[in-house]
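If you look up Swiss-Prot, you'll see HIS77, HIS233, ASP237 marked as Zn(2+) binding site, on the strength of sequence analysis. Annotation source Swiss-Prot lists active site, proton donor at HIS260, citing sequence analysis.
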Amino acid sequence: MQQTTIQRSITFSGIGVHSGQCLNVTLHPASENTGIVFEVITGDTRHTLIPSPSAVIATKLATTIGNKNITISTVEHLLASIRGLEIDNIRICVEGAEIPIMDGSAKIFTNELLQAGIKYLPATKKILQVIKPVEFIKGEKRIRALPYNGFKLDYTINYIHPIIGHQRLVLDVTPTTFLSIANARTYGFLKDVEQMLKNGLAQGGSLENAIVLDSTKVINPEGLRYPDEFVRHKALDFIGDMAMMHLPLQGYFEIYCSGHQHNNQFLHKLQDENALALVTLEGEKTQNLYQNITPLYNDVLALL
């Protein structure tokens, strides 16, 4: 199976959900074995940042990566699109310190990546395969990884809220099945908004880029895109957080009520317990996974 990149550069512009600033991000094709690379230009200096579990420096309400020179927050939705579409190599050039929130989902990122086109490269695809069971538990939060020939999620959330309640999603993630969660938006509670604003967070948050719930209902006029949009979005976040590994993961992941912090701690545990093996997919025949995806995704968008 061959590695992939995008066929042409694309630019996104939008508001940072926490900073409230207008931001630009440009994605560029990258050569084989580049992986996912962030670039931030400050003045005359170009800083490079490669995602990794140790590059995560904050997980409050979003995943933030950084080093001594730069920080980039809210990276998870864009990374979910890249990993969900199985794009191996890409350069992400960021103007600012945050990825724009767009509509609160991965819908726009996914759509534009598909419109740009996916290009196969000569090099063989490499993955990190789970080779033994690993379990991370912190309070009620739980993530368990098992060996599996693919990338499969079994995600459960449980809220004491009449609209959310108990939701479960089982998904064998491929570029096609990823479309079923790409449009699921981030969510929050009206009771928490005032405190977030006092703490300098959610400065760009609105009903245009998040589902907001009061004690009994969704207050967005258009309602939900799916009855289980909440667990779909949590699965989206998980995929984005797993992209902190330098290569795609392969395994079966059972997740209960996790969040960005726990996802990152889980990745550290996978590394600490030597539960991952580097696998080159030499024997896999490359098929055009993207041939029918764009028309299919357009059909999905038409239903929203």
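Every residue, even glycine, has its Cβ placed from backbone N, Cα and C.
From a predicted model like this one, the values you see are computed outputs, not experimental measurements.
Locations of recorded Swiss-Prot features on the structure.
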| residue | record | contacts (Cβ under 8 Å, 6+ apart) |
| --- | --- | --- |
| HIS77 | Zn(2+) binding site | ILE99, ILE101, MET102, SER105, ALA106, PHE109, THR186, LEU236, ASP237, GLY240 |
| HIS233 | Zn(2+) binding site | SER105, ILE181, ALA184, ARG185, THR186, TYR187 |
| HIS260 | active site, proton donor | THR59, LYS60, LEU61, ALA62, THR63, GLU76, ASP237, ASP241 |
Suppose we draw a 10 Å sphere around the Cβ of ASP237 (Zn(2+) binding site). How many other Cβ atoms does it contain, all chains included?
25
For the recorded Zn(2+) site, enumerate neighbouring residues of the same chain (Cβ within 8 Å of the Cβ centroid of HIS77, HIS233, ASP237, site residues themselves excluded), in sequence order.
GLU76, ALA80, SER105, ALA106, ALA184, THR186, LYS234, ALA235, LEU236, GLY240
